[in-house]
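Feature annotation from TrEMBL assigns substrate binding site to GLY111, PHE112, GLN113, LEU114, ARG134. Marked as Mg(2+) binding site by TrEMBL: ASP135.
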Amino acid sequence: MNSPLSLGRRWKAPVVPFRIRRQFPRPEPAQVGALRGVDVTRISDLVGRMYTCDASIRPLCSPAVPVVGIATTVKCPPGDNLALMRALRMVEPGDVLVVDGQGFTQWCLGGFQLLQMARDHHGLAGIVVNGAYRDVLEAQAAGFPLYGLAVSPHSGPKLGPGEINVPVCCGGVIVHPGDVVAASGEGVAVVPRDALGAVVAALQASEPAPGAPRDDHGILDFVDDMDRQIDAWFAAGRGQVLE
């Protein structure tokens, strides 16, 4: 088979190079581990809307398989997965691949055999794709965390270029290599690496003591506060009661 670079007029290589960053700062394993088992909704509340993927990024397997791991990032041209092929062999145990396929869903970014290889030989923990994937039934049977925009059976080209371990966009969130990804049936949240300590501390501070009774007053106080906000609209002359 001809290399894409030998196809002449049929395929012209972009001037922008294929970029790969082999190493990046990684958070402490204990801090990453502190997020495992935590509801993604709680993490989302702490990182806010800027770091919660929009609803287009969803579990592609049912039931969803939760995952928490350090992001290894990949940027691919629409429908092309050459960069992903290299990234699959660069992940470290417990990593989650975040692949920006630029929202293209007509062709998939890969199949389950690739993920299985990376899981078995390199410890890949899961994948989130801003694009389509396939073999979701195999991933589901294997209990592999697979999240993305859509499912497509059609495989695309492997021409490149691409980028590995650069900032990417997924579900409206900018993800840097070394950020922490938390995904479940509730959706996907991203904890920036430099905010991980603060997020973990906030989670631990709000964790009820073992055996403590359920605190219904907390939610009642919250609803009362919302009521006061509505009352403030009316007090300022900016409310109207419809009879």
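Sequential numbering from 1, following the chain as shown.
Glycine is no exception: its Cβ is also placed from the backbone N, Cα and C atoms.
Curation does not apply to TrEMBL; its annotations are automatic.
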Which of the three DSSP-derived classes (helix, strand, coil) applies to PHE112 (substrate binding site)? helix
Near GLN113 (substrate binding site), how many other Cβ atoms are within 10 Å of its Cβ? 10
Separation of alpha carbons, GLN113 (substrate binding site) and ASP135 (Mg(2+) binding site) (Å): 8
Sorted by sequence, non-GLY111, PHE112, GLN113, LEU114, ARG134 residues with Cβ within 8 Å of centre, substrate: GLY110, LEU115, GLN116, TYR133, ASP135, GLU138, ALA139
Among the substrate-binding set GLY111, PHE112, GLN113, LEU114, ARG134, as the record gives it, the longest Cα-Cα distance in Å: 11
With Cβ-Cβ distance below 8 Å and at least 6 positions apart along the chain, what are the contacts of GLY111 (substrate binding site)? List them in sequence order. TYR133, ARG134, ASP135, GLU138, SER155
